Amino acid sequence: MPTINQLIRKPRKDKPKRNKVPALQACPQRRGVCTRVYTTTPKKPNSALRKVAKVRLTNGHEVVSYIPGEGHNLQEHSVVLIRGGRVKDLPGVRYHILRGVLDTQGVKDRKQRRSKYGAKRPK
């Protein structure tokens, strides 16, 4: 442990804050083109086939992003908008695709939390 005099001579250094979504480059969202749409399995205690897409962004980055909701219409060459936000049980997936924007359709027959899934108000 340093003495007070040592701390006066050379103060403690702050740890640099790590950027959790580097591909967005401080933007709220980014547009990109799907290069591959596939399913993957989650980490140990969970079991499912999670839908993900590899997306090439307009800034040149290529990222893996999660497709939320039940069912989707995405395929290769679909233009999508991505936002930050990781999926805890999928390692390497740090972005979400926004539903109901550009080529991505909203979730069909969604009644609650519709704004998160790009679903229109039911009649």
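Cβ atoms are placed via backbone N, Cα and C, with glycine included.
Straight from Swiss-Prot, the features:
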- 1-21: region 'Disordered' (REGION)
- 9-20: compositional bias 'Basic residues' (COMPBIAS)
- D89: 3-methylthioaspartic acid (MOD_RES)
Where DSSP helix means H, G or I and strand means E or B, what are the helix, strand and coil counts for the region 'Disordered' (1-21)? 6 helix, 0 strand, 15 coil
What three-state class does DSSP give D89 (3-methylthioaspartic acid)? coil
